[in-house]
């Protein structure tokens, strides 16, 4: 009873004790959550994986079939599973159920009176818990706390910010009081000691990720209920062996640590018996043996373990279902993993050394293999993979053979893109394959892709295919990509009922085929091919998108029945007509830019169309655009001279953006005021720049919603229409003719206004814009003042330029040294002959740029110039005109010059005269000019003989000479000569003497020249011997030679010869020497030839020793040998050379005796007697070995035989002989003892050295002892290796063994990025396995000192140059804040420096590092200077067709002319240089000057004007019903050339029209309309000379154009022999035969005319012609269709009693023009109506077949008169 009572009492007290905690209660079962922080590491890993996933799928098309998408989703789920973080999203949970709060048997009891700060030493931990438990965000940690409050918490999130944040936790002391914790998140902190949580046995989930100081997991061993553990991203964590015994742990995440060796041992039982998932990504594992001991391991993630070379050690992990070994870059082989029978997925992506996957076989449950981006060359067999569904082998560049991919009955996805496959192979037995990716390989054929009944996705893009074959056995194909191959024909793409995506782009396709039976097709891509016809695109009810851009398309077909087509792109083709673009109810976008379109049709019934681009075409007008109710964007730019009309634009009322730049709108003036745009009230953007001809913009006044308007480069003067456009924000009006901008003053929303290149001189209307901060650019204005000033030397004008505040803007510069003062500009001392002067203005302030040039025209005074003086002779006749010409008189502007020459100068009187020259223009008298005219006496005339002869050595004076040549002048003036200096009487020859004279005025006579001849001496005669003989090598000079041959002359003249050059005394032979002599007068003797004989050289004798010895291997050449045997020749000089066969006979490496023969031969063929020498080569002596007697080595020493020989100082006295020993075979350095080693040697001659023995002693080893400094410090960021650390602490081992190496954990135990103290442990083990005692060393990382900043003292930038703060730091070469320093440099550059204003600015640079150290600031001066000269770029040449419409603006566009400065205009001489109507190459120069007056370097562009072939003109001939009556013809010509054609004659029809036109880019047809002709009647009359009928008239009828022939009939009592012929015309004709009274008959003769071909075959009926004997006849060949006459086409002769035959021979024509009418006989002009033809009966009549039609016209009315005359004259003749 007492016991029960006690329990009740205790219960009451316990409830009373817990009462204060009622404030924590939220509800019966509710959870109070104060933080919801997810684990940052989990986010990072997920983001990383997501990034990799996105990167990997960027190249995949969005249009993949659903099956492919499902596969992709599966892969993504798997990726998410791989990166799962077990302790993510832990929320703080406080348990409010008092019955569950355990306060008995507590392991740690909270001391009474505790506060959070006292219980938890870490201030951050204390404060966080205080906030969590009290619910007060302002808690400080000084609040009271007891066990109950802590025991109420079951889930706690204490994750930090970065692990390096001031609020992060570094000490978790106190957490031991939270004994009811089941979930704890301590990620992103600075925790290194886990001891406080070692007894929290209720923990199920623990997150310790991203604690950079955590080096081990000591403390987790007792967490027996732990199921999830996250220790990822702990870079110092190497060992996780403490988890090995956790009995229920199911999941470990240890990715991104520093684990190299995975040691998992549990002596007490099974190792991690329940572990299913192990995350070990991004470590440095090399061995996976421990993982094979985990009995339930299913999922293993070892991605990014770069040192892992094989998976073979996993063989025992038989429960594994998933292995992710991606990015294990050292993985070379999988090893034997055949035991992993439950494996379902293996991922090997990015294993860049993995060359084979041959072990992936016999895995019955394997579903997914992903091995992309490896180095796989060999697939092995891939046998027995019955469940494999996904095989990813992409980007294995060396994989060429895929024959192993067969017999996989469940395979659905096969990715082989980016490999090196050249042949597909068989792909047998893949019945369920749905997706096949083969892009980016080297395939030339895909004919093997067949019998894949479920294939829905096929990508073979980026290969070398030339054909795609039939593909008939792919009935379910939905997605096909064959782009980027070499296909020319894809016509087999028909009858694919499921195909919804086709991509054939980037090939060379010309033929697409009919593309029938593709009912499911949604998207078709054929861009970048050679397709010319896409008319097959019709009747495709599901087609949504077509891209056929960048082809050669001319025919786009009808586009019928495309109800769902949304996007159509045919840009960059050769399309001329798009009139079929209508009735497409779903079309939204239409791209047709860069074509040749001239006809766009009506473009109606396109209710969904929102975007149209027709730029770069030849569209003449936009009038055809119909009702497009949703069109928002219309671009018709760059149609240039073709687009001249807008039409009404009444069907596009919803248009928001209209771009019409670079056209010729209003070229003809028909567009008026742009009223066609006035109803487009929804427009917000309008671009009409570069139309060039727009002047009236009043039609834009209603566009009240406009925000952007560009009217650049037109002819606009008046902009008042813009005053109501109050929504305008940006307006561009550059390059127009605007003077007044007051209309813009109230546009309050305008924030950017461009007015450059106009005629504005008053900018004050822009004041409101400038004051509110808008940008106004009005540079490069050009204005010419209207008043032309006249002046004498100076003039003044008022300054007309007004600044925005209304005040005059002072000039920035004034030409011709003008000055500015008080608002006036004055020019003085104007002397230049110019028509104008100018001044510039330029100011930039408050966002306004205003600059330009004002030109002031003026008339300047005339200035006259002339020569200072002019000379004439008395009696000259000179007019004033001639005088002005003689003195080169000119005026500065070409005005006439006058003078007083005629009145001032007397040309008959000697003296000097001053003449005044003047000029006048526009009433302004010019400056006068004075010329001195001198009138002088006439020059004397000299006469003398032209030649004279003197004897040599004669004595002649100048006076005597003048007398001898009869020299005199007409004025008796003195004559002077150069006789005494020019003539040498002591030397024969011809000399020229000059005679001069001058009158008293100094006027000189014309010089006369006399030739003086001094007679010469006769030629000398040489005498000498005819030949002479010398010994070879004798020495003779030319003088000795002449002496030897007794050479002499008869007059003592010197003899010369070519002895020195002609004779070679060192070479035997006969030489010819020529002797010459010249006397003192230069007269040469006859040359004399002398023969010089040089005798042959004597034979020499050889002497030498008879024998010579050499050591073996002696280095002796032939020269040395001859020297050694003292070989010599007794003759000197001699050409004989000693030679021997020493080098071919003697072998110095082979001992023996050799006989050497010495010979000598001179150049003249003399051979000396040979000399023999015996040469003995001696053998090598036996070698001798020397060495130390013994040597000692420590145990375990590593000594090679070579080192041993070196150590014992083993030497041998003979090189190339090797000492050998039994050291390596007999001496064991791992075993102490004495060993005998024998040294031997044998030379190459087989002689052995005496053996030498050496004793080798091997010592025993010692235990190492480590010594080192106890402490050391380093600067933060120092780059210290472990080797350097060991050196710095003087670490050594006492045993002195080189194999004993000291190791440490220096690299893992220290972090040079964080200043603090670290403990490093040193270890060493000798080769006997004895370990040294570990030694601890304290390493202190010092705090980072403040960075020392250095930079240039100043830097300069151009005005307006774009410079960031980063650029500024780089430009001043800032140093001190670069890595590894954490100091971050800052400056006030952006706030201090105004780059739009020139001047100097002081910028201050500061820096603070992460340890809080502040650098000393430094200052830099920034100079902002004027802009540099602009730079022009342009194409090297531009081509135009002759007559093409272009101008300077178009030229600049076509040449892609650009300049690197805004608001700087490029100027050209295009208009002056280029004649577009004349073929040729012209050079155009581009120039530019910026507002600072700096000129760009000129750029030259070649403009090539060529003839352009135009489209043909068809000529048709039709009757009144439109039926063709003659073959059509074709006219061709060059573009813009005119053509004119007359209607041709067509039998039976009439047309008198002439049609003309101009050849153009469009094929044209002209039609001649003919009227049928009713034929007229030909009446034949028979009359006598008086006009009386002698027989009844006859009539001939027929079709117009038919030939007719009429012959005079026989009439009794009358005579007439005539035949008339012609053609029937539409007018009646009359032919009259005139008869004479019959006379007594005369004998007649007969001519038979025959017409045959070249073989004699008859071509036409023969014709007989008769006439009186002795009368002459003339017959002509008949015109026969298809034949031409061979030879003469006429014959003449005389009728005789004997019958005659004339035969015309024809040959067949090779071709008859279809365009020429066929002619029977010669073309005849029919006689006009009622013309009477009278034929003389005494004249041989024409045959009719060959008469010209002009005959009737010629004889016409005159024939009667001619006939009458003949009638009257003929009888007299007969009498």
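Using N, Cα and C of the backbone, Cβ positions are placed for all residues, glycine too.
Feature annotation from Swiss-Prot assigns signal peptide to 1-28; the stated evidence is sequence analysis.
What Swiss-Prot lists as compositional bias 'Low complexity' is 36-50.
The repeat 'LRR 2' feature in Swiss-Prot is assigned to 180-201. Broken down by DSSP into helix, strand and coil, the repeat 'LRR 2' (180-201) contains 3 helix, 3 strand, 16 coil.
Long-range Cβ contacts of the repeat 'LRR 4' (225-247) within its own chain (Cβ-Cβ under 8 Å, at least 6 residues beyond either end) map to 39, 41-42, 44-45, 85-87, 187, 201-219, 253-266, 268-269, 271-274, 279, 1308-1309, 1311. As annotated by Swiss-Prot, repeat 'LRR 4' applies to 225-247.
Confidence for the repeat 'LRR 7' (296-318), expressed as mean pLDDT, is 93. Positions annotated as repeat 'LRR 7' by Swiss-Prot: 296-318.
Same-chain residues lying 6 or more positions outside the repeat 'LRR 10' (365-386) and placing a CB less than 8 Å from one of its CB atoms are 78, 321, 326, 341-359, 392-402, 404-405, 407-410, 415, 418. As annotated by Swiss-Prot, repeat 'LRR 10' applies to 365-386.
Annotation source Swiss-Prot lists repeat 'LRR 12' at 410-431. Under DSSP, the residues of the repeat 'LRR 12' (410-431) split into helix, strand and coil as follows: 0 helix, 3 strand, 19 coil.
Sorting each residue of the repeat 'LRR 13' (432-453) by its DSSP state yields 0 helix, 3 strand, 19 coil. The repeat 'LRR 13' annotation in Swiss-Prot covers 432-453.
Taken from Swiss-Prot, the feature repeat 'LRR 15' applies to 476-497. Beyond its flanks by at least six residues, the repeat 'LRR 15' (476-497) meets 61, 63-65, 68, 439, 453-470, 503-520, 525, 530 of its own chain at Cβ-Cβ distances under 8 Å.
Among the features that Swiss-Prot reports, repeat 'LRR 16' is placed at 498-519. Here the repeat 'LRR 16' (498-519) has long-range neighbours at 61, 63, 456, 461, 475-492, 525-534, 536-537, 540-542, 547, meaning same-chain residues at least 6 beyond its ends whose C-beta is under 8 angstroms from one of its own.
Marked as repeat 'LRR 17' by Swiss-Prot: 520-541. Here the repeat 'LRR 17' (520-541) has long-range neighbours at 63, 478, 483, 488, 497-514, 547-564, 569-570, 574, meaning same-chain residues at least 6 beyond its ends whose C-beta is under 8 angstroms from one of its own.
Marked as repeat 'LRR 19' by Swiss-Prot: 564-585. The DSSP breakdown of the repeat 'LRR 19' (564-585), given as helix, strand and coil counts, is 0 helix, 4 strand, 18 coil.
Here Swiss-Prot flags 630-650 as repeat 'LRR 22'. Using a Cβ-Cβ cut-off under 8 Å and counting only residues 6 or more beyond its ends in the same chain, the repeat 'LRR 22' (630-650) has close neighbours at 593, 598, 607-624, 656-668, 670-671, 674, 676-677, 679-680, 687, 1444-1446, 1450, 1453.
Per Swiss-Prot, repeat 'LRR 26' is recorded for 727-748. Listed as Cβ neighbours of the repeat 'LRR 26' (727-748) (distance under 8 Å, sequence separation of 6 or more from its ends, same chain) are residues 689, 704-721, 754-763, 765-769, 772, 783, 1465.
The domain 'LRRCT' annotation in Swiss-Prot covers 782-869.
According to Swiss-Prot, the feature domain 'MucBP 2' maps to 1572-1631.
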Statement: Sequence-distant residues near the repeat 'LRR 7' (296-318) by C-beta distance (under 8 Å, 6 or more away from its ends) are 81-82, 255, 260, 273-289, 324-342, 347
